[in-house]
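Record features (TrEMBL):
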{"type": "REGION", "residues": "1-104", "note": "region 'Domain I, interacts with DnaA modulators'"}
{"type": "REGION", "residues": "86-127", "note": "region 'Disordered'"}
{"type": "REGION", "residues": "137-353", "note": "region 'Domain III, AAA+ region'"}
{"type": "DOMAIN", "residues": "170-304", "note": "domain 'AAA+ ATPase'"}
{"type": "REGION", "residues": "354-473", "note": "region 'Domain IV, binds dsDNA'"}
{"type": "DOMAIN", "residues": "381-450", "note": "domain 'Chromosomal replication initiator DnaA C-terminal'"}
Amino acid sequence: MEQFWQACVQRLEQEIPPQQISAWIRPLTPLGFNEDEGMLRIGAPNRFKLDWARSNFSNRIESIAAEWYQRPVSVRFELDGSVARPAPSVAPPPVRRSEPVQASTAMAPAEPPAMPAPPAPPNTTHTDANIVYERSRLNADLTFDNFVTGKANQLARAAALQVAENPGTSYNPLFLYGGVGLGKTHLIHAIGNSLVAENINSRVRYIHAEQFVSDVVKTYHRKSFDEFKRYYHSLDLLLIDDIQFFSGKDGTQELFFYAFEAIVQQRRQIIITSDTYPKELTGIDERLISRFDSGLTLAIEPPELEMRVAILIRKAETEGVPLPEEVAFFIAKHLRSNVRELEGALRKVLAYARFHGRSITVDVCKEALKDLLSVSNGQLTVENIQKTVADFYKMKVADMYSKRRPANIALPRQIAMYLAKELTQKSLPEIGDLFGGRDHTTVLHAVRKISEARLKQAELNHNLHVLEQTLKG
Ligand SMILES: Nc1ncnc2c1ncn2[C@@H]1O[C@H](COP(=O)(O)OP(=O)(O)OP(=O)(O)O)[C@@H](O)[C@H]1O
């Protein structure tokens, strides 16, 4: 057991930053391995570390153990005997959803976070963990450990890890952008969770931009500017999601600007997500846009096939269900646009199989996803067309919905609109919406222009063939 544990720690050292090893792995102790049950018992010095280790490292430790013992292994974390005390069963920290919290329940400046956090007692308790999650609004389930990496997000993840290790000093702000359901929110929660794991007293706050707007409205209403300032200006890490919601909200932008300046000047960290890159944001003050651009801006792209498969297998594993590879491939091949869509499809398949008492096969999958697959008509989505055309013409996916009009962007965008009309069931207005809210006449113009041009231009026609083949798979 000791030998296994040493080998396991060595493996983890190659994968996890040193700070995380000393904060989370070193305090764990191997307690025993039950041969009959294939159960590995690991001790943690307190409940906070126990919860953390369980939600962040159990999968990884289980797979290292399975390799070592040459059999499936499950890990059980227990309070280490030396500090154990009678306690109720361990529930995971409360799950904070990424959606904005209702305005009426979450007026940040009026809440305890405005006060400096008390120092943590030597043995941090489960209640402390609860308080941390309450006040930071972090979702403890969204971690680096369960964030699957692929080409589409590797840069963003690397930057996020870097920022988690050196907040306030590496990239400030870190600005992550990309389409819906691609993991932006997940990644910024992972940074927050990692910081809190490092230091339970860190003042971290996750907030959706809409919620921030509502905080500002209340601040104006109550004239509680000092309180607002005391809270936001003193955060160690501010995670602000979907900043495009600030568009046209001048009062919000003004207060945010001062908070931004204060946090960055004190070398604390700001992380922002958006559906597009800074220069493309509309209705946002120029000085804010230039601030957003002054750190590091990175895109998260739609996941490629292998990554989609890995995500499905991983998500099924967390549900405790082994997903046959051919089923994962089937789903991944047919649903290509984003991770949220994949999760939804997987949930459907698992529920369908459970309900009908059947094992998970490609046939079951076809039945369970019948509606989804027929709606997507050959499984092509506009998002997928946008991504494929953007890759082909080496431009940013975000420019598919942007207002920019240089020819090297406008033509591929028109090509994508044309393909969307040709290859999906979407109407012109629907396609317009998916291209950044454009009018249906713009789409019609693009469709006509490209149909005519391909008859006359051999190169364009060839490129369209290549794109059509790629998309139809
Ligand atoms: N690389 C990934 N590995 C594992 N899960 C992922 C990954 N990317 C996204 N997810 C999951 O997909 C779902 C959607 O992700 P998330 O909410 O972070 O997307 P988003 O980019 O913030 O989208 P939106 O702009 O709509 O808020 C979440 O459940 C998230 O955990």
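Sequential numbering from 1, following the chain as shown.
Heads up, the Cβ atoms here are built off N, Cα and C, so glycines get one too.
With DSSP states grouped into helix (H, G, I), strand (E, B) and coil, the region 'Domain IV, binds dsDNA' (354-473) comes out at 86 helix, 0 strand, 34 coil. Note on the region 'Domain IV, binds dsDNA' (354-473): its mean pLDDT in the predicted model is 87.
Here the domain 'AAA+ ATPase' (170-304) is broken down by DSSP into helix, strand and coil counts: 67 helix, 24 strand, 44 coil.
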